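Inspection log for the structure reproduced underneath, given as structure tokens.
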Amino acid sequence: MEKIKVKEIFSNVYGVDLGDGLKRIATKSLAPGKRVYGEKLIYSENKEYRIWNPNKSKLGAAIINGLKKMPIKKGTKVLYLGASAGTTPSHVSDISEDTIVYAVEFAPRIMREFIDSCNERINLIPILGDANRPFEYSNIVGKVDVIFEDVAQPNQAEILVKNAKWFLNKDGYAMISIKARSIDVTKNPKEIFLEQKKILIEGGFDIVDEINIEPFEKDHIMFVGIWKGN
């Protein structure tokens, strides 16, 4: 076990000092002893923390890069779109603790990996579904406080608005990782980011934070918005 220093920087998100000057973040493990993606486990005051790798998590990258508004916190009910194999959802699960995190993934094979890696996390609800068609899982998902989206589709901003109309509480938050190259490989990414921001605003969001997540992900930006729509 390593002696470390931890400091809470957001609710249930910790800055980690290992004495080497490197910037690290971690979450306190909801399933001690269980790794999800080969992450490093470290210990302080008899608590286990999972180092959050920003190279494998866009939310982790945004936090490392100076995210100012972090709406996911203890007690937050979350709808996660694009769960993949569970890397970031597992950290969201740690943060929310005893509150439900609905995790939607489209690909059956990846969903099987997700279930295998996260089956000890009782607050994670895996849903095999298409984020483009929120009505298909509306019988499972209730109203939520936050929607997080990491779906590499040309209409990714529209997908967020669709799901917000179905599930997001008024004045709830959304976080979306926009991948410019999934929308148009011929355009300047900055132009694409402005277009996607406009779609989100016209769809009903007030954008309260935005942060580029390079060098961890090329041509990506994270938007945080408050839902003011219907």
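Cβ coordinates are placed from backbone N, Cα and C, and glycine is handled just like the others.
Predicted, not measured: the structure shown is a model, and the values here were computed from it.
Summarising the annotation, Swiss-Prot assigns S-adenosyl-L-methionine binding site to THR87, THR88, GLU105, PHE106, ASP130, ALA131, ASP150, VAL151, ALA152, GLN153 and lists sequence analysis as the type of evidence. Within the same chain, residues at least six positions away from ASP130 (S-adenosyl-L-methionine binding site) with a Cβ under 8 Å of its Cβ are PHE106, GLU136. DSSP assigns ASP130 (S-adenosyl-L-methionine binding site) to coil in the three-state reduction, placing it in neither a helix nor a strand.
Sparsest Cβ environment among the binding-site residues GLU105, ASP150 (other Cβ atoms counted within 10 Å): ASP150.
Its own atom aside, the Cβ of ALA152 (S-adenosyl-L-methionine binding site) has 13 Cβ atoms within 10 angstroms in the protein chains shown.
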